[in-house]
Structures are given as C-alpha cells and as structure tokens.
Amino acid sequence: MSSRGPAEATAVVMVNEDPNQQEGDDSSSSGPEDLSVIKVSKRRWAVVLVFSCSSMCNAFQWIQYGSINNIFMNFYGVSAFAIDWLSMCYMLTYIPLLPLSWLLEKFGLRTIALTGSVLNCLGAWVKLGSLKPNLFPVTVLGQVICSVAQVFILGMPSRIASVWFGPNEVSTACSIAVLGNQLGIAIGFLVPPVLVPNIQDRDKLAYHISIMFYIIGGVATLLFILVIIVFKEKPKHPPSRAQSQKPALTSSDALSAIIRLFKNLNFVLLVISYGLNAGALYALCTLLNRMVILHYPGEEVNAGRIGLTIIIAGILGTVITGIWLDKTKTYKETTLVVYIMTLVGMVVYTFTLNLGHLWVVFITTGTMGFFMTGYLPLGFEFAVELTYPEPEAVSASLLNVCPQVFGIMFTISQDQIIGKYGAMPANIFLCVFLTLGVVLTGESGPQDKMALRLPMGLCCWQFGSPVS
C-alpha cells in the first residue's frame, strides 16, 4: 500500500481552507447551499449534541431489560431467554436493514434523524402499555420498534460530522456523537436496578417499572421535539472543500465496492475477528445480570454497577488506544496486542467470577472492558487502512454486520450453557472464540506501519453497535 496516496489526498482537501471560519446567524437558513464559500455553522454543535442525546436514549432502552433480567423475568412470568431476546432484537433488526448508509444518501440527514427519533419515542410509549404480567408481547413490540430506530440512529455520526463540521473537527464531532451511545448503555446498567427493586408484589413492581418507562418516554418525546427544531438537512455553506466536492455514493458504486472487499482476504479475516470480539461483548452485556446474580444473589444494584464499570473502562480504553494509534500508526501491532489482552482479561474474569468477592469482579470486568471495548475503534481504523481507497461507509457497514450475527449466536449459546452447566463453562466458550479471533488478527494485514489516513475510523464506531 502506498504511503503517499492518503496523505496527498488530505493535502488537497486542506489547501486554502480555514475550517474555523464561522458562519453568521443565517447559517441555518433554508436557502440553497453555496458551494463557493467554505464556512462552518454555529448550529453544528446543537445538531451533534441533540443527536448524541437521542443515541443515549435509544442505547438505554437496549440494555434496560438485560440489566435487571431476573426482575422482568419474574414480573412477566417468562424465561430468562425470552428477556434476553429483548436485547438480541437490537442485533437481529440491524442485519436486514444494513443498507442504511444508502438511505442516508437517498433521503437525507434530516429525514433519517426524524425517522429514528419518532420510532424511538413511539417504542418508549408502547412499553407503557405493558405494565401487567400478561402483556409481555406489548413490551416486545415496543422494544422491536426501538431496535428499528437504532438502525437509523447508528448510521448517522460520520454523516453528521462530514456534513456539518470542518476537517479539523471531524474526530471531535464523531467522538461526541458516539459517546452518547456509550453513556446510554452505562446509564442503562446503573439506573434500572435503582428504580426497579427486586420485590415480589407485582402491583408495586408495576408501579416502579412505570416510573422508569414514563421517564424514558418523556425524555424520548423531548428529544423528538428537539430534533424537529434543531436538525436541518445541511448548513447553508459546506464546512470543507472535500464536502463541497464530494460525490454521492450510488448503489452501483456500493455494490462494486462490496464485491472488491470480499475479495480482500485480509479484510475478510478482520471482519470475522472483529465480529468475534464485539459479539462476545454484546453477549456479556446481555447476560451480565444473570451471571452476577447466579454467584451473588440479591446484588442487582451491584450487577448494574459492574456493567457501568465495563462501559466506563471501555471509554477510557477507547481514548487511550486512539491517542496511541494517532502517535504511532502501528495499526496491526496495536490491534493484535489489544486483542491478546482482551483474551487475557476474559480468562481472568472467567476463573475469578465465582470467588465470592465482588471487588474482584469489579476489577476483572473493568480490565476486560478496557481492552475489549478499546479494541473496537482499532478494528475500524485497521479496516480503513486495509481497504483504502474503498468508501469507508461500505467497509464500516460490512464490519458492522458480523458482530450482530456473532452476538446473537453467542448470547443464545451462553444462555443454554448457563442453564445446563453454569457461568464458568459459558465464559470458557467465549474464551475459545476470542482465541480464534487472536489467531485471525495475527493473520490479517501487513506487519509494517501503514499509511496515514484521515481519522474516519473513529467516526465509524460506537460501542455495542459501530456505525457506518
């Protein structure tokens, strides 16, 4: 791979461009876009913050059932596996709705934002109709609607960054956009065990559940209103020369790129290894409550805090690995080392979960989350390097599908193993596949330092569900 191509492309984009030049108060006017003037709009920060909050609200709804799995299982009188599907449906709906990146090109940013926001709001309010033990199908319907909303929401960060932000703000904008999703999962681990105590009286339990559902419904409604007010299709002026000259990605272009990518053996190996890692993370988050409660009965609140620890440590890992990669450009070596440490963290967690000391679980899960989540943006950066000059939207979308497939497979398999043999064999099952992921990572890509690319890999990632 040539080390000059991407750098030269960057130089061309940056010539005679002042990315910090601000647009006046007419930045959000509905007039036609003036391609001859390069300015950034003041509205851009409001757009990315509203989006980040919408993503946070949707991510909260992904994990709100799994973080108190045993409580919802008792309330609705269903199996733990049925509650697990309330999380897995988020993974399942993404697969057939993969072409979202082309829907963004066809229908535009505002339409997609409104669609995702209204579906997220609708799903939240549908759940309020499920506050009786015999109404489990209603809560399933609400969760499925939210999972469809997730598909629209997760495709937007890189698009928002490129359409609204200057070239030296793209990574910052993407970081803000994807941080909302991570914070939503963290809050989803922390808040439900506090709002919904583990009590046997179903009437009182329905009251506590209704408080959580009303809060999230109100927040989703407020965010939908803010999306209507704040989101515009694009600013009056393009924020960068590259954006003013960017051609639209057509379906034929994307199809040709997909065919070429599947012929790229290194990329295929990376897709599988990335899917194994992220899929294991999805399964761990979905089943964390069950595993902790199995060894530490009555510790629902601490189970949520352990999940919070995984996410917070993962955010820290993402930041540190991103800084390291910016400084060293050692994509292959860094990815491999972090993957190996992920496996080590998983092995230690597996054999210490049953020791009877919660503080040990906090330390081991935090360490595992640091590397396991920290690997995710590395995977996308590595994919961008392996596939240049293919469109990042296409490679990111393909990289995004594999974790959904493995996440469902791992969650179902672990559920069955936990029921028959316990938590340790279930976690050993994941260790085996993470070992395979280490081997595949070692086989993919060249060993030397790779070309410097525009920092779009981080723009194409978000915890639990990387974006395209």
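Count begins at 1; order follows the chain as displayed.
Cβ atoms here come from the backbone N, Cα and C positions, even for glycine.
Nobody curates TrEMBL annotations by hand; they come from automatic prediction.
Pulled from TrEMBL:
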type	residues	note
DOMAIN	47-449	domain 'Major facilitator superfamily (MFS) profile'
REGION	1-33	region 'Disordered'
TRANSMEM	45-63	transmembrane segment
TRANSMEM	75-95	transmembrane segment
TRANSMEM	107-126	transmembrane segment
TRANSMEM	138-158	transmembrane segment
TRANSMEM	170-191	transmembrane segment
TRANSMEM	211-231	transmembrane segment
TRANSMEM	265-284	transmembrane segment
TRANSMEM	304-324	transmembrane segment
TRANSMEM	336-352	transmembrane segment
TRANSMEM	358-380	transmembrane segment
TRANSMEM	424-442	transmembrane segment
Same-chain residues at least 6 beyond the ends of the transmembrane segment (424-442) whose Cβ lies under 8 Å from its Cβ atoms | 269-270, 272-273, 276-277, 280, 283-284, 287, 291, 335-336, 339-340, 342-343, 346-347, 349-351, 353-354, 406, 410, 413-414, 417-418
Given 107-126, 170-191, 211-231, 265-284, 358-380, the one sharing the most C-beta pairs under 8 Å with the transmembrane segment (304-324) is 358-380
On the domain 'Major facilitator superfamily (MFS) profile' (47-449), the mean of the pLDDT values is 85
